[in-house]
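Step one of this worksheet: look at the structure below.
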Amino acid sequence: MQFGLDFNLVEELVAGVDEVGRGPLCGPVVTAAVILDPARPIEGLNDSKKLTEARREALFDEIREKAVAWCIARAEVEEIDQLNILHATMLAMQRAVEGLSVTPRLALIDGNRCPQLAVPSAPVIQGDAQVPAIAAASILAKVSRDREMQALDLCYPGYGLAGHKGYPTPSHLEALRRLGPTPIHRRSFAPVRAMLEQVSIEVEVPASVLLV
């Protein structure tokens with residue numbers, strides 16, 4: 001049985017904010033902000049990583065139905081490569097909070113730092129396992145990103161994106177070596193950058209030989 005967090009901890013107009021996808025080698029980083037309704041309990045809220053896929057899917061719909069407000073946002077691969085993953089994540093969190101249809105009086109951010117927001121905010125380390133609103137945000141972000149990676153698996157077959165969701169598993173690294181990076185791979189991440197540099201060297205060597 002998967003026990004959820006105590007819904008009595010929910011406070012009015014407090015947004016929970018979380019992200020999914022900082023570690024993968026490809027795809028966007030996805031964030032969500034959720035303001036829960038203390039009068040509409042949701043059973044079983046917990047850190048998305050502690051829930052089964054089926055339970056996350058069910059909660060995804062229930063959260064969107066019962067929340068006072070919610071927003072799913074993102075930072076694209078190009079933004080990650082340009083800004084770095086930390087700043088891109090902060091940008092995506094800003095977008096999630098700014099996209100809420102109701103302005104929160106406080107935003108609780110999973111982790112140890114907060115993005116610049118127009119509302120008061122506070123970081124909560126391991127917040128997705130403590131704060132129901134952050135847990136709800138983690139579920140929205142994870143389900144949304146997982147669905148996208150499953151769709152991208154059809155666009156870029158052979159990489160196993162539907163399974164590992166872009167994380168640097170042995171099978172993903174092997175596919176990267178065999179097939180090379182796709183347009184959705186993060187060029188600023190070391191394994192992808194190393195592969196691009198290797199390809200560049202392999203292309204340049206014959207040219208230098210011809211010039212001798």
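Every residue, even glycine, has its Cβ placed from backbone N, Cα and C.
Here's what Swiss-Prot has on this protein:
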type	residues	note
BINDING	Asp18, Glu19, Asp110	divalent metal cation binding site
DOMAIN	12-201	domain 'RNase H type-2'
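For the binding-site residues listed here (Glu19, Asp110), the lowest count of other CB atoms within 10 A around the CB belongs to Asp110. Residues near Asp18 (divalent metal cation binding site) in space but far in sequence (CB under 8 A, at least 6 apart, same chain), listed by position: Thr31, Ala32, Ile109, Asp110, Gly127, Asp128, Ile134, Ala135, Ala137, Ser138, Ala141. Cβ atoms within 8 Å of the centroid of the Cβ atoms of Asp18, Glu19, Asp110 (the divalent metal cation site) belong to the same-chain residues Val17, Val20, Thr31, Ala32, Met93, Ile109, Gly111, Gly127, Asp128, Ile134, Ala137, Ser138, Ala141, site residues excluded.
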